[in-house]
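Going by TrEMBL, these are the annotated features:
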- 12-33: transmembrane segment (TRANSMEM)
- 88-107: transmembrane segment (TRANSMEM)
- 171-195: transmembrane segment (TRANSMEM)
- 207-224: transmembrane segment (TRANSMEM)
- 261-280: transmembrane segment (TRANSMEM)
- 287-304: transmembrane segment (TRANSMEM)
- 310-330: transmembrane segment (TRANSMEM)
- 351-369: transmembrane segment (TRANSMEM)
Amino acid sequence: MSYRINARLTNGAYWLVWFVLLLLPVIILWPHLNDYAWNYDEGVLLQTAALSSQGFPLFEETVFNKPPLIIWWLQMAFKLGGTAVSTARFSMIILNLGGLVALGWLAKVWWQQRWASPLAMALWLLVPDVLIRLPVVMNDLPGISFLLLTLVATTRFRQTGSGYGAAVSGLLFGVTIGLHPLLVFTGLPVTFLLLWGKPIDKHSGKVIGLFGFSLLLITAVWLLPSYGEGFVRWVFEYNRAELGLDLQTWAANNVGTLTHYLLHEQWLLLLLALLVVPRIYKSKRKIFVQTAVFWLVLTIFTLVQLRPMWPHYMIFAIYPLILLVAGGLTGIGQQLWHDLRQGGKKPLSQAALLGASIAVFALLIQQYATQSLEWAEWEAPAVRQYLTSQIAAQQMVISDDPFLIFASGHFVPPSLTDSSSKRISTGFLSVNDILNSTFAYNVDYFVFTNGRFNQLPQLQEWVETQAVEQISFDETTLYRLKQPPDLQIATQNQLEPGISLNGYTIKQTDASIKFLLYWETAVPLSDNYHRFIHLLDENGEIVVQMDGIPLNGWLPTNKWQPNVQLIDSSMLTLPPDIAAGSYTLVTGMYTFPEIQRLPATNDVNGRWPNDAILLQKIVIP
């Protein structure tokens, strides 16, 4: 009877610990669901998911450099809980707690130690930054969570020999790659666990077939709806693009960065793994030790090869270490309990190893427990408050901090969901792209926050020339652009090879003629055409002219985005001695440097004389 009571108490305590380990993170994180972004990528994912839900096609209009699974997950969360930071982060907690459960299950089954599971879970939660990263809207932890679930299915296959385990493993690994393509390298340890120690025969061929078919099937499910020119550009070409010099310098230090992380920040965890591995390797669980070590070595090798290796990827190396440590420590604990009950003596070498392991574990817990949680603080709450109160909800705002814009209830233009340093460094984001988006989405506000846009000094120069208001909030600056007057005269003039002059607005004063020309191209243009504006006298002679690249040189025609109306603002200064009389204002374009005018036509009048579009008769009193 006493044994049964003790067993029930032990079992109850075990599941209580599980419950606490799953509930405690939710309780701790709940007040922080609306904190500032832990990483820049949060803003990218939030904006991309929200804009895709608003009807802007993923990859074709919105910019995202990974497969669509995480975006689909966020879209579903937004549909159920509303488009908000807290909704997205709570959905991440759900995904990542699934990975925590899988980690605990693996620790228990791999090492045949019941208490290895809560130990592994507790260690993982204690690792600095892990708890903070649990709700972060990024691909890293969801991807590794599904890798852990893949290993669970693979382990079940080894236990049962059922083909269903291999098939489920393939499905889960396909989701893993869909969440984070970088984790494709973990297919090697998964395959190792799937086949190692089994004879190469028809059965092993069937296993590989089931795994591969399931992997291809689930990959097709997320790839086929997304695959297109945009997917190729952003998921393949962009990720493989050559980095600029700034990021090349960073990438060259991968070995040093990873070495510092493992041998300085996580040296106790690494040392503890080295101490306990020999003990668990002697058990019947060699295959799992080999899998974990292979996984760890392959992770380190892969991270070193990345260009660049973003620091948030280094957490990938923690998982196999935690599994090894949890297995070794519970084995040591079981051995100590057995020795205490039996009262036997151990050889000096074994006693020293046990003592060293316990001492290092105590130091590790002390190190983790004494590190405070540093939540991301809002750097510019006044900016958020201003955006929320002064700008209409869901209005487009251009910024190098997409999270700030999302949290204030606004969107960035779809083509600017990613305005990262990498995109600028690789040449996939230019001033021309941003100006096109400004006109395409009638953007009134720019917000410069963290320095990314400082890598584009011409952009800041353009914004400052167009702004009617500039508000500074510490290191953040908000610009409100001047609004052009309504189009005064609509026209239907065309220039070959597909440029339209949709209309114009002209304002005449005694000393100048100010004008706005509304240009649009229906096709991508390969040439950089020059625009001319001439004031002609009654004899057709040029009195005043302005020639050059449209938009005062800011946006050459070969950078124009099709089907976007661009507003070309400029001014003709009248000579002080200009004679009174009637004049004609004309415009058009020509090739440069050949000075060959583009054919100019009108739906009513046909081709214009001299390919010069008549704008307006001007009377000088």
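The backbone N, Cα and C atoms fix where each Cβ goes, and this holds for glycine too.
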Top Cβ-contact partner of the transmembrane segment (261-280) among 88-107, 287-304, 351-369 (pairs under 8 Å) = 351-369
Would the transmembrane segment (171-195) and the transmembrane segment (207-224) count as touching if the test is at least 3 Cβ pairs under 8 Å, pairs 6 or more apart?
-> yes
Spatial neighbours of the transmembrane segment (12-33) not adjacent in sequence (6+ beyond its ends, CB under 8 Å) are 85-86, 89-90, 93, 97, 100-101, 104, 114-115, 117-118, 121-122, 125, 131, 134-135, 375
Surrounding residues of the transmembrane segment (287-304) on its own chain - C-beta under 8 Å, 6+ positions past either end = 110-111, 151, 158, 182, 185-186, 188-189, 192-193, 196-197, 254-255, 258, 262, 277, 280-281, 313-314, 316-317, 319-321, 323-324, 327
Same-chain Cβ contacts of the transmembrane segment (88-107) under 8 Å, 6 or more residues past its ends?
-> 18, 21-22, 25-26, 29, 33, 45-46, 49, 73-74, 76-78, 81, 113, 116-121, 124-125, 134-138, 141-142, 144-146, 148-149, 151-152, 155, 319, 322-323, 326-327
